[in-house]
Amino acid sequence: MQAVAIAIPAIYRSTVGKKAVMAVTGGILVLFLVAHMVGNLKIFLGAGDFNHYAEWLRTAGEPAVPHRTVLTLTEVVLTLAVLLHIWSATSLALRARAARPVKYESRKKSHARGYATHTMRYGGVIIALFIIWHLLDLTFYAVNPLGSSATPYDRVIADFAPDRWYITVWYVVAVLLVGLHLWHGAWSAFNSLGWRTKRNDGFLRGLAAVLAVVIAGGFVAVPIAVTFGWVG
Amino acid sequence: MKLTLRIWRQTNASDKGRMVEYKLDDISPDASFLEMLDVLNEQLIAADEEPVAFDHDCREGICGMCSLVINGTPHGPERNTTTCQLHMRKFKDGEVIDVEPWRARAFPVIKDLVVDRSPLDDMIQSGGYISAPTGTAPEAHSVPVPKPDADRAFEAAECIGCGACVAACPNGSAALFLGAKVTALGLMPQGQPERWDRVVSMLDTHDDAGFGGCTLTGECTVACPKGIPLDVISRLNSDYLKATAGGKKK
Ligand code: HEM
Ligand code: SF4
Ligand code: FES
């Protein structure tokens, strides 16, 4: 154990180690996203179920552990994961910039992988801004039209009301970016951890694509359904 | 063929450098790209001008000396082909062709299109070898190698160390080169004793030389004249993580 503890900072300093950290933290975030998405979809079961679920998030584990223990622990892990993920992404991006001080004159067209690969960095920045907005909206209620006295269900319905269509657009764009991020990212993560082989590559690409589509689809369903009046 | 060339000219490492335009008439479509540059250089010498410096040696696609980013693509438009094996019939009559050196902090320009690729040699020196007794070569069949391993090792061993992967990579990473070496040697029984030291030393040398980190854009494998597949990088990652986090490196 002690040897491993000493080794980790050295591993992290390497370009391969930074990608491994991104893969592990990205994986934690993906697991969270799946759970979060499933929770959101409860809105289709009605106000009672949805509000009860929101309440359960805070009471989970009681009475074995005090109120909000599980939720607070999850928040700590997620915050650490996001910070490490962004830290690694930034440090690799700075390294990449330094690695080619003189650019090519003839603009190099990309010959490989599609669109998703080239949106990882700025797409990630937009996702980070979205996470901040989203927390201010539905966690701290600062930018929510109803605020803390309403129920979680009413806050969502008010958030995506038809006359606030621009908020719906913003959520949909951000979530589609998350899907794009995972299209490349989830596949890339298997590589970063060294699990990809010639034979499983098609499977891993498929898995990443399914994950991206399911997560993006599951998340956009809620704001769209509210704006079009299918729930609420 | 009539051609307009825009070539990077740089007197020495401290010169700023610039693109310079040259016109050529009457180039045979059967000439190789380097033969076309030879024709240009003969004209420049006849006109008492400095010829364009570029790297080359075997001119048959095996040594890894030729380079050149042609119209933004390392080794030019034809897949799986080195610059020396590229022919002018792949271009259109009257085409404007941009010719630039490999661009990477680790590959400083020495002159015109010639860059210093010694960081690739440094990586080899730091781990791209096996220990073997000198003298008569041992009987090849005395150490059995599973056929799939032999095939994959052979595929990775095709890397000629040209550096096109670095030139193509938006991150300026040499991960494909590194993956090719780690895969070719690490799959062979003869490569086992140094396997875990090799991957760590070679990656350390890579990172210290100022190459970027791989983000799996896949540009390298498209530019690679030997078509080294992208999955060698997964093997590089796997061996590195096993050597370090997995504690295999003693
Ligand atoms: C918060 C802002 C974010 C930024 C700035 C960011 C940036 C990046 C960048 C630059 C990459 C590297 C791509 C590559 O090297 O191939 C990446 C990979 C990845 N991201 Fe994010 N990302 C963010 C948020 C997220 C979120 C919310 C998730 C969870 C769904 C996520 C999941 C992943 C995964 C799984 C990878 C693959 C890791 C790997 O390549 O090994 N990221 N991210
Ligand atoms: S991997 Fe391909 S492009 Fe890179 S050095 Fe080897 S032969 Fe050249
Ligand atoms: S000159 Fe030897 S590979 Fe092109």
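Here the Cβ of each residue, glycine as well, is placed from N, Cα and C on the backbone.
Database features, via TrEMBL:
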- B:1-103: domain '2Fe-2S ferredoxin-type' (DOMAIN)
- B:150-179: domain '4Fe-4S ferredoxin-type' (DOMAIN)
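Within the same chain, residues 61-67, 69, 73-75, 82, 102-107, 115, 117, 119-120, 123-124, 185, 187-188, 202-203, 206, 209, 211-215, 217, 219-230, 232-236 sit at least 6 positions outside the domain '4Fe-4S ferredoxin-type' (B:150-179) and bring their C-beta atoms closer than 8 Å to a C-beta of that stretch. When pLDDT is averaged over the domain '2Fe-2S ferredoxin-type' (B:1-103), the result is 97. With helix defined as DSSP H, G or I and strand as E or B, the domain '2Fe-2S ferredoxin-type' (B:1-103) counts 20 helix, 25 strand, 58 coil.
Break the domain '4Fe-4S ferredoxin-type' (B:150-179) down by DSSP state and the numbers are 18 helix, 0 strand, 12 coil.
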